[in-house]
Ligand SMILES: Nc1ncnc2c1ncn2[C@@H]1O[C@H](COP(=O)(O)OP(=O)(O)OP(=O)(O)O)[C@@H](O)[C@H]1O
Ligand SMILES: [Mg+2]
């Protein structure tokens, strides 16, 4: 199935069109950024206070460091993961159903690949803003223990892409927004609770541990943890990165297909 | 050699599942022409426009836009089209001005130029005073004008307008017509669909009448009227008698007599003479109107139905 009017074998994206799509997203965001500061920044800070200081005071140490320092990298990854999924649910669905922004783009030289790539770039921008602020606060809490910590924004960008790309496909595909509640209930929340954010997955029964491995969040949390605490992640770094890249790549193809399908007639 | 047509179609077909919306039409639109599609709901006008706009692929047949193949050169063709779809899809999250600038950027226009172009176009459609405002509070006619301005942002070679004036008040329609005339004078090729025969007569050099996915007639508005109707039409309304019964009695008056649910139409070379004759033959009408033939009459004759149902 080819996107409408796109030559087979032609470049799927053009940089100028992709940037134009990103620009539109940022123009809209500029108007609502104040609200998003709350979820992207204040929320994780409240997490840190509640879990790191409140719960941490009772838990003591995990893996040789205090609990706050242990969960910071996980919460960082979880923030990227949740922001990405959230921004690719209703906003993408709405741009097909309500604003019909994608239908407007389709009448221009913008290709389906540009629509997908432009929105993914926007997600990365959003996630980086949230991550940067969060890192700063974590540094103030004294939770960054390794010179590798500045690599976490890169990991967060990958986690965001790995979560956003498939979610865009879902948002373009579903006929009803009720599906998003299921995604949150059965993917986002379990990933956050059991994906190595608040406690090591080794504490999970061995049979369910592979479920955590399936979540991009666990790979991101472990890479971030290695970066902020200076340890070695459970899998080779290349394996963790490979899983994230595979999610992002497969997700992008899925998104491209679902977008094309939704826009063709 | 004749100039190459900007739009060329042969045996163009669009099917949705088993349903055939466009049933093998031939088209040829020359540069600078104003070309119209006239037809009732569901005739296949929008389906055809969407294929021309390269957002919907033909099921069968040949289609060339600007000499290119929509199936393989979609983005290159769309770069030179301006599209005003039947349903507005302005971006409600952006201001009026941002709608134009953002859209210009989709065509790869540099920011500064996009800004200037947006300001010019807002003047052109008389929305400059709303530039910084939201889209949602605009009236239907203002939104339509903004959509048309947006379609012009890339200085297109062909402008596709799907029912540009539906839902507008007469004043807004006339403003739009005037703007479309200006474009035409600048040599822009216009392709539009409409339910309004006066619009088609005013704006189109040439038009096709579509019905049930087929082209049932084509030519200039004048030629169509000359070919399929008479110069004048008498509209007769009666009190008690049903138009169908009266029509039987009036057989032979003028060139042709048609009964509509609410009136009888007599087609004639000379309307006044035919009206007098009808008076003699039939019952006394409650009202008589002699008028020029319009495309509506052509359509009625060709399809047996009225345009706006
Ligand atoms: N995406 C689609 N899926 C299925 N059927 C469609 C689709 N688009 C159009 N149709 C059908 O094709 C036929 C022609 O529709 P089209 O929109 O081209 O008509 P139109 O001449 O533009 O009518 P109108 O004057 O009401 O706008 C209609 O019967 C319509 O239901
Ligand atoms: Mg239509």
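The backbone N, Cα and C atoms fix where each Cβ goes, glycine too.
Heads up, TrEMBL stuff is auto-annotated, nobody curated it.
Annotated domain 'ABC transmembrane type-2' per TrEMBL: A:35-262, in sequence order.
For A:32-55 (among others), the entry in TrEMBL reads transmembrane segment.
Per TrEMBL, transmembrane segment is recorded for A:67-94 (among others).
The transmembrane segment annotation in TrEMBL covers A:115-144 (among others).
The transmembrane segment annotation in TrEMBL covers A:150-172 (among others).
Long-range contacts of the transmembrane segment (A:179-201) within the same chain, counting only residues at least 6 positions beyond its ends with a Cβ under 8 Å from a Cβ of the stretch, are 51, 62-63, 71, 74-75, 77-78, 81-82, 85, 89-90, 93, 167, 170-171, 208-209, 211-213, 215, 217-218, 221-222, 225. Among the features that TrEMBL reports, transmembrane segment is placed at A:179-201 (among others).
Per TrEMBL, the feature transmembrane segment maps to A:237-259 (among others). With a threshold of 8 Å between CB atoms, the same-chain residues lying at least 6 positions outside the transmembrane segment (A:237-259) that come near it are 1, 3, 12, 102, 112-113, 115-117, 120, 158-159, 161-170, 172-173, 213, 216, 219-220, 222-223, 226.
A Cβ distance under 8 Å defines the sequence-distant neighbours of the transmembrane segment (A:32-55), meaning residues of its chain 6+ beyond its ends; these are 67-68, 71-72, 75-76, 78-79, 83, 86, 126, 129-130, 133-134, 137-138, 141, 143, 198. The list of residues near the transmembrane segment (A:67-94) in space but at least 6 beyond its ends in sequence, with Cβ under 8 angstroms from a Cβ of it, reads 39-40, 43-44, 47-48, 51-53, 55-56, 59-61, 119, 122-123, 126-127, 130-131, 134-135, 138, 141-145, 152, 155-157, 159-161, 163-164, 167-168, 170-172, 174, 177, 180, 183-184, 187-188, 191-192, 195-198, 216-217, 220-221, 223-225, 227-229.
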